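To start, the structure under review is shown below, and the notes come after it.
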Amino acid sequence: MSTTAEPARKAMPSALTFDRHAKCSTTKARASTLHLPHGSVPLPIFMPVATQASLKGLTYDQLRDTGCMLCLNNTYHLGLKPGQAVLDSVGGAHKLQGWDRNLLTDSGGFQMVSLLKLATVTEEGVRFLSPHDGSPMLLTPEHSISLQNSIGSDIIMQLDDVIATTSPDHARIKEAMERSVRWLDRCIEEHKYPEKQNLFCIIQGGLDLELRKQCCEEMVARDTPGIAIGGLSGGEAKEEFCKVFVSLLLWIAFNELTGHRVDTCTGLLPENKPRYVMGVGYPEDIVVAVALGADMFDCVWPTRTARFGDAIVSSGTINLRRKIFEEDFRPIEEGCTCTSCRPVDQGGLGLTRAYMHHITAKETVGAHLLTIHNVHFMLTMMGNIRQAIIEDRYPAYLRKFFSNIYEGDRSKYPEWAVGALRGVGVDLLADS
Amino acid sequence: MAEKPSMTFSLLGSAAPVLAPRRMPTRARTVIERSDNAAVYKTPAAPHESPLKKFSCIPNDMPVILGPRRFPAIVCPPPNTSTSIALSTSIGFHQLPAKQYVNAVHKLRPDIAIGMADMVLGSPPGNKRREKMVDRTHAFTRDALEQLYGDALTRNAKSKTAFFAPVLPLDNAQQSLYLEDLESEFRWDISGLALYEAASLEHIPASLGDLPRLLLSDPSTPHHILREISLGADLLTTPVLGASSDAGIALDFKFPAPVAQDDDKKPQPLGYDMWSVENATAVSSLAEGCVCFACRKHHRAYFHHLLAAKEMTAWALLQIHNYHVFDLFFAGIRESIQNGTFEQDIEAFARFYAPEMPESSGQGPRLRGYQLPAPAAHAPRRAPKVYGRLEEVMVSSSAVTPDTDASGLEEHGFAQKA
């Protein structure tokens, strides 16, 4: 594989503009605005996942009320239902679901590998057996882009060769990385609407920093409108993965990619493009990744955990099914301005923990109400992070954040977070 | 009180009406399922407020009806006793003592309480059992009225809740002693009647004629609802609304019915099955001219997709639409009665619309155990096994199973045959 861009490459128009407003003077955190075809998105941002063109029981007005400007759909799921013919006929996913703000779709490759046990990856694409009748099928980068063109999402992702980050097979990791670069070229070639849909590349390379660097150089040379870092979350597997491990990796990857020295401008990731860390979405992971220079995140966790009765609050998560909340007549989170928590006299529902305890995991509406709260919480947190960066007090925000979660007990701070933040000039264990 | 006739809604477990329209009287049952000690009793509430509304986060101006059990009731094997009734709750079968229920009415201060009745569910009661039903219900009512409004209570201690006395689904002759007491001794303490079948409407004693009648029945179509109203029902339960949403049916009827252009015209359907594939690419609204939230924001193709994908939003949006249709239906009925054209309008409605609800071709949302009758011993499982299919078939996904074969996938543009 050559290290320079090939001259015959198709030009990459961009359907976005990326305005950088502020950069933290200590960490690499940045505050910016991403202008997309369906509205402007303040960065850093968390993107809720509406897998099958619906956010788990919420109406799109309810999603809009949380302040969401950009949410995800999954190409794999929309390709199966409703399918490309319907998407073409209806006029794309925005029209299908009645959402006039921005959409991002993944390539479908991740679900191929994580959901279909019998998928194998070849140079041509992902080979799998049809889930319905077992016939052998092939999903190529061209199929993925063609589907995403039909979906019409504002940001589309390249098909990449996804393997488990923990794979011990170095040769396979290298192959996957190199193949992802070749597939990126095929995706660029196939992409029909670069002037209205932004194709993001996905940097792969497992845990190997050298491979990650190589991949980064190759992909940055292709000049896609945005850059994603893949393979940092196991998605479904994430919960099984040791959190420490995944997040440590995140730290290493970013430090390497952006250059070790804080004041360097020779980082491999260009400053003028949005950086998307795929599948990362725990609040702790997000605040650290923001400090390392990441702008965009997505994860099903906040919405999925809501369906199990877990509310995200500033002190972590609380499970409202627990008996201690049976007679707790406070709101889910004191001071929260989401529709569920806001008092009735301020136009909210004024729900209490006792009520949520009563209906959670018993009535579907309990899941909806908690989903509203959790999405709102994540987006408010991102807004607070952004404000802290703009006012150049992000290190103080980080200290407060970890102090809230661990009730001020520094001995409980996770090592990976302390280590990662030290790398960007914030010592959580030192007195500020 | 809401205008009459009107419909009442049973919100299982008294869930907050997030997606549903307002003006929804609710019936709470599971909130008191644990004991006299349940959290709902500890809800902080001002003296003029109902702790039940506070607990369930229901706006103060929305009337709330409290009943001893959900409607339609779920059959449960344990029998009622002379002091309690058997319930199927989310935490198992439970005896609700009459005294505890009246206590709940006293403390929770709903706008209306339905008196406890000794109902036999599942199979028709025999002669002996019917006598017992009357005796017990008589005693339940007597004791409840004594406890709520009795002479022993000071004026302030008397309950402000309106009590609807149950009328059993039996012949008048069988419950004559009870009805006589309702007419005389109990008359001034009861504010309404709760009936369990439309037939009871026909023989309510004249002296009870001015009381509002809440009919706890399960009319299967709007035609049945009209008949019940015509027989004199004021407040109605309409489980058919939720059942239609669950079945993926978007209702589409008006009262009075539009004027038919042609007498030979085929009767119009009462609703449309959104599961039907003809909706897969339809960008029209659920019902022509409908201005509900769901119709303003979405088209049929989206409903079809959501149902096929088993997304919860499908049923939430269908509820919004179907409630809207019912709201207008009842408004039309009230107006028609006021205009004195109700009987003609019913006939025109019967001519214009199909006699039955449309059939659903799909499945409803996931049901939880306590929403269904207890299964018999060794009964086959209710839902097919979803997990572990890969091991058996070697092909299929536990996450998404498309309803199409390889050619279909290819046609979808999803992938090609290798």
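The backbone N, Cα and C atoms fix where each Cβ goes, glycine too.
On a predicted model such as this, the values are computed, not experimentally measured, just so you know.
On the 0 to 100 pLDDT scale, the model's mean across the domain 'tRNA-guanine(15) transglycosylase-like' (B:53-353) is 93. Residues annotated as domain 'tRNA-guanine(15) transglycosylase-like' in TrEMBL: B:53-353.
Secondary structure at B:C290 (Zn(2+) binding site), as computed by DSSP, is coil. TrEMBL lists B:C290, B:C292, B:C295, B:H321 with the feature Zn(2+) binding site.
According to TrEMBL, the region 'Disordered' annotation covers B:398-418.
Residues or ranges marked as compositional bias 'Basic and acidic residues' by TrEMBL: B:409-418.
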* Asked: Since the record lists B:C290, B:C292, B:C295 as binding-site residues, which of them has the fewest other Cβ atoms within 10 Å of its Cβ?
  -> B:C290
* Enumerate same-chain residues with a sequence separation of six or more from B:H321 (Zn(2+) binding site) and a Cβ-Cβ distance below 8 A; give 'none' if the list is empty. => B:A250, B:L251, B:L286, B:A287, B:C290, B:C292, B:A294, B:C295
